[in-house]
């Protein structure tokens, strides 16, 4: 059907310049690392007449790498006001400006003999990723029909994984990962931005944003007709009007107002726990170990980059699989299963690492653990975490919720990236103990406190959390004799 095609094309147009950029820009920086460090040293030598010390080169490189999550944090904070003032679609379109400037800076850096341009480029690329990681799932979930909401919003994770894999492929020496071509590799992120700028304007704005935030019922109906076709829209429109009535007279919330509102307590706790766990679970750190483990397994050093592409492909395969089953299996089982399996594989991985030199087949077990850990992460936590803020918060609170989620995601990415080398140094083969604890605690939280949101309207989910948020007050009434007597049927 034409309308299904329009929804699919909307997803692709939003994704290619959205979360695709997050995965792509994380992976393209790895291949030219040594070349960029040589460029820094050579540039400094030409400027000052003396070479940099190795520690100073590493410090400059760490600034370059950490500029990305710092930009991401900035983008996550800016995403909320952008989504409210500009709308979901226009925010995604304007967000490409950051990448275009970043691509120009990194592409011209060697010609200009300025490594500072690479640092600024990475910061702006991070801003772009921070904005798109928040706004894309919000835009898609608000545009999707209820029965497909989970699958449509989860495509954000699929595009992240696709970006990761393509970044690894393009970063191969045979393509753009060579010594002469690395500026073009860093500037190649302009291509997805230009594709989105060309494609996304043809598709509608979020119908929910048009009706509830803008109060524009006609534009909302027009957007729904484009996305759904001529099928009966009355039930969906009625649901949106009910949500509009529920938030009538309210303005868009600020992040600090969510912390002060007892009616949002469990929603807030849930997204804080799950957003933090997504980065603190150790999935990204598996990539840190991948090259070492593959080398120990006897894979030739020049072939390791090709095997590492397999780890990114694992995440892509599982995120696509999760995309297909989320609206059948539900959110809770996927999250719960993902974290339980990750905890189990973390234990096996630590045992395998400790016996790596003693038992000949242990490197192969370590290699299997890396793939299994990434598969477990991809099947649940990688995708479902990004869907939940859209589902558990109302229209007025959603942008602020994504600001909190995004800020936690980028802050924890920075913390893990900074702390992991020290964790490895102090705990050696048992460096996954902190990640194991995070996985177990998150699985327990999901089991005891997170309700299922599959197949429910936004209003139904809000009502369910409302019962949990005010349960304590109801219990408080138990000790008040007269009030308790009034509630009995005698």
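Just so it is clear, glycine is given a Cβ too, placed from its N, Cα and C backbone atoms.
When TrEMBL is compared with the stretches 28-49, 182-203, the one noted as transmembrane segment is 182-203. Taking TrEMBL as the reference, the stretch among 293-316, 365-388 described by the feature transmembrane segment is residues 365-388. Segment annotation: TrEMBL labels transmembrane segment over residues 430-450 (candidates 430-450, 451-471). Remark: the transmembrane segment (182-203) contacts the transmembrane segment (7-24), by the rule of 3 or more CB pairs under 8 A. Spatially, the transmembrane segment (400-424) is adjacent to the transmembrane segment (118-139); three or more Cβ-Cβ distances between them are under 8 Å for residues at least 6 apart in sequence. Counted over residue pairs separated by six or more positions, the transmembrane segment (334-353) shares at least 3 Cβ pairs under 8 angstroms with the transmembrane segment (430-450), which defines the two as touching.
The predicted model assigns the domain 'Major facilitator superfamily (MFS) profile' (11-454) a mean pLDDT of 87. Proximity of distant same-chain residues to the transmembrane segment (118-139), defined by a Cβ-Cβ separation under 8 Å and at least 6 residues beyond the stretch ends, is recorded for 14-15, 17-19, 21-22, 25, 29, 36, 63-65, 67-80, 82-83, 88-89, 91-92, 95-96, 98-99, 101-103, 105-106, 109, 153, 156, 159, 186, 189, 193, 206, 386-387, 389-390, 398-399, 402-403, 405-406, 409-410. Beyond the transmembrane segment (58-80), the same-chain residues lying 6 or more positions past its ends with a Cβ under 8 Å from any Cβ of the stretch are 25-26, 29, 33, 36-37, 40, 52, 91, 95, 98, 115, 118-120, 122-135, 255, 399-400, 402-403, 405-407, 409-411, 413-414, 417-418.
Within the same chain, residues 266, 269-270, 273-274, 277, 280-282, 285, 331-332, 335-336, 339-340, 342-343, 346-347, 349-350, 354, 420, 423-424 sit at least 6 positions outside the transmembrane segment (430-450) and bring their C-beta atoms closer than 8 Å to a C-beta of that stretch.
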